[in-house]
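Peer 1: The annotation domain 'Anoctamin dimerisation' is assigned in TrEMBL to 87-148. Feature annotation from TrEMBL assigns domain 'Anoctamin transmembrane' to 151-720. The feature transmembrane segment is assigned by TrEMBL to 159-188, 239-257, 303-326, 346-365, 392-415, 525-551, 572-599, 681-710.
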Amino acid sequence: EKWDFVLVSDIHQVGSEKEMKRKKFLVELRKKGFIIKKIEDRKVFYGVRAPRQIFWKYQRLLRKPNSRLQSPGDNQEIPVTTSFSLLRIRIVNFILQNTVTPDLEKLRDLMKKKVFEAMFPLHEKEEKREFLKEHWARWSEIFCPQPIEKIRCYFGEKVALYFAWLGWYTYLLGFAAAAGLVVFIAGITTFNSSQVSREICEATTTIMCPLCDQQCPFWLLSDTCTYAKVTHMIDNEGTVLFAMFMAIWATVFLELWKRQRATVVTDWDLYRWDEDEEELAIDLINNVQHEPRQYQHSYFRSTIILLLVLVMIAVMIGIAHALVIYRVIATALFTQSPFEFVREQANMVAMVTGAVLHYITIVIMTKVNRHVALFLCDLEKPRTFSQRENNFTVKIFTFQFFTNFSSLIYVAFFLGRINGHPGNYVRIAGKWRLEECHPSGCISDLFIQMAIVMLLKQTISNMMEYLIPWVKCKLCRQQWRPRKRRMMLGEEEEDEDPCKRQWLSNYQLNEVNIFSLFDEFLEMVIQYSFTTIFVAAFPLAPLLAFCNNLLEIRLDAIKMRRLSRRMVPRKANDIGIWLQVLEAIGILAVIGNGLVIAITSDFIPVQVYKYLYSPCLLGNNTDMDCTTGYINHSLSIFRIQDFEPHTKVPKTLPDFVREEIKECRYRDYRNPDDYSYTAQFWHIFAARLAFLILFEHVALCVKLIAAWYVPDVPQRVKNQFLDRQHNDLR
């Protein structure tokens with residue numbers, strides 16, 4: 001005995017308002033021909049089954065006269081391409097959601113008023129489900145291909161397309177991960193051979209200006225020897241090539257996915273399926289008098305929504321500023337710590353704790369962003385569910401992008417560039433001076449920030465994503481465990497209704513909603529952003545994402561198959577507006593990586609030095625490395641006597657004699673007399689700008705060529721439709 005849906009309600013007092021509302025709703029369902037079965041336990045369960053006439057009408061409306069559903073006497077199994085069980089669930093869900101009581105209340109209103117507690121389709125005990133359990137929702141199958149067709153037959157096309165996209169993304173991510181690993185290993189092999197790193201390590205007499213105002217002493221440039229070598233691993237010529245490679249990879253990935261998607265949905269006979277037509281058909285099934293909502297647009301409402309979105313973005317940028325202020329104040333406090341390591345590494349400790357705090361703000365703001373995006377969607381009043389879903393997707397991604405990347409953008413492009421110079425620092429509230437880049441280079445700060453955020457997102461977030469549903473499921477089953485009753489002599493045990501056992505086991509699983517799959521997509525798209533936008537600063541990002549996705553596929557499978565109630569299957573022939581979001585990320589990746597190489601990295605200053613100022617220009621010594629002398633050239637001189645009046649003269653290290661220190665060095669290109677920018681600064685500035693324009697234009701041209709070179713639709717699919725049209729005309 002199969003039931004399409006189960007409604008769950010608390011046991012309400014007879015004659016109460018909730019009881020009356022529940023009865024009115026069930027009466028409306030019976031008027032539409034629904035069969036309802038009631039089972040009472042600690043909760044009241046209502047099994048709902050729709051009449052077959054609904055599905056025959058669906059086929060007639062969509063002009064499919066050859067469908068088996070049109071024959072009332074045909075009880076044979078419906079072909080997989082028009083899966084009858086998925087169709088039933090989809091149509092029944094729509095009717096349940098849109099049935100109106102005499103009080104003009106829908107099921108959503110009744111659930112808000114606690115008249116009903118839950119509604120869900122049932123997991124089926126059939127071959128497909130067991131196959132998915134054994135060959136998909138297992139950790140041991142982590143390196144095995146996914147049974148996309150079986151997933152589609154059980155969870156519907158939308159879920160199947162998500163896993164098909166995620167599998168394809170992970171497969172191609174393997175090539176990006178291998179390339180990133182090669183670049184990283186190449187950096188390690190030159191760990192000790194870099195001339196720039198060697199000069200830093202040998203700068204035992206180069207006295208650097210203090211990193212803070214109070215407790216920080218003068219220090220030697222050679223103290224940052226290890227950090228300089230680590231920085232060289234990610235800041236070298238290979239990084240530029242890898243950034244270009246990732247720009248091309250992002251385009252090729254999307255183009256190949258379009259081909260893969262066209263092949264898959266053609267096999268499903270959904271290539272030219274129209275979602276609006278299907279929604280209109282189900283509307284008419286639910287209500288013959290239904291009139292479609294007309295397209296509307298309000299400039300006033302759009303203006304209000306745009307202003308609210310801008311306010312929300314301003315809030316997130318404000319949070320990024322708050323993180324900056326935290327790091328500034330934390331650095332000042334850590335320099336006064338009683339622990340020597342914390343004092344010496346105050347900047348690094350502030351950066352690491354700031355990155356952890358950034359992750360915490362991401363977790364909190366994700367929940368806030370969801371509520372705000374839903375509120376804005378309600379203001380928009382979209383015409384259809386698919387339009388509402390698209391609007392929500394754009395808003396939540398915009399909010400999440402600024403939540404995740406505002407702080408990274410500051411670290412990449414502003415850190416150490418707006419803080420002034422010794423004797424004239426930019427200060428917060430006139431007291432705390434803005435933080436500087438790590439002495440080994442600005443790109444190391446971005447590397448640390450990205451590494452911490454990605455690792456935390458892929459460890460803690462994934463653990464919580466699995467453990468919370470698992471614990472909830474265990475606790476719910478423990479709570480509903482039946483109590484054994486003592487049997488009297490001669491009393492026979494009553495047979496339990498099999499429906500009750502099935503309904504109860506499904507009810508004990510975790511609740512799903514229309515955003516359950518959306519959350520998985522959002523998580524992966526944000527990861528895709530991390531993998532592409534700032535990959536020049538973190539070549540290992542694709543490798544981390546690849547390893548994470550191998551686990552993510554099975555994690556999502558286990559959640560859907562074992563820990564959660566069954567999702568309402570939805571038809572789809574693509575991943576929707578997510579494709580446009582991914583294409584936008586591809587363009588941002590070109591811009592972001594170009595800016596990282598041009599502004600954050602030392603690649604451009606080194607190249608300018610090699611071709612304009614290096615000893616190689618003299619041509620006397622061909623064996624000399626052309627970067628010899630770069631470090632001394634990149635450091636400016638500051639006279640100790642020019643410290644700000646209210647700033648204490650810094651402490652000295654034990655090996656220093658204060659009277660002998662007349663000047664110190666700092667990273668910048670300024671004249672030692674009036675601290676104005678030197679000609680070298682403007683040469684580097686022009687080179688950065690020229691490289692940025694050249695890199696982005698070349699990368700975008702290559703992306704356009706790759707998009708043109710790889711057709712979106714395979715020739716086999718085009719020929720298949722051509723033959724079908726020809727046969728229809730004949």
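For all residues, glycine too, the Cβ spot is worked out from N, Cα and C.
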Peer 1: Report yes or no: does the transmembrane segment (303-326) come within contact of the transmembrane segment (392-415), defined as 3 or more CB pairs under 8 Å with a sequence separation of 6 or more?
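Peer 2: Yes, the transmembrane segment (303-326) and the transmembrane segment (392-415) are in contact.
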Peer 1: For the transmembrane segment (239-257), what are the same-chain contacts with Cβ under 8 Å, counting residues 6+ beyond its ends?
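Peer 2: Distant contacts of the transmembrane segment (239-257): 165, 168-169, 172, 175-176, 179-180, 183, 532, 535-536, 539, 542, 579, 582-583, 585-586, 589-590, 593-594, 596-597, 601, 603, 695, 698-699, 702-703, 706-707, 710, 712.
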Peer 1: With DSSP, how much of the domain 'Anoctamin dimerisation' (87-148) is helix, how much strand and how much coil, in residues?
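Peer 2: Here the numbers are 31 helix, 3 strand, 28 coil.
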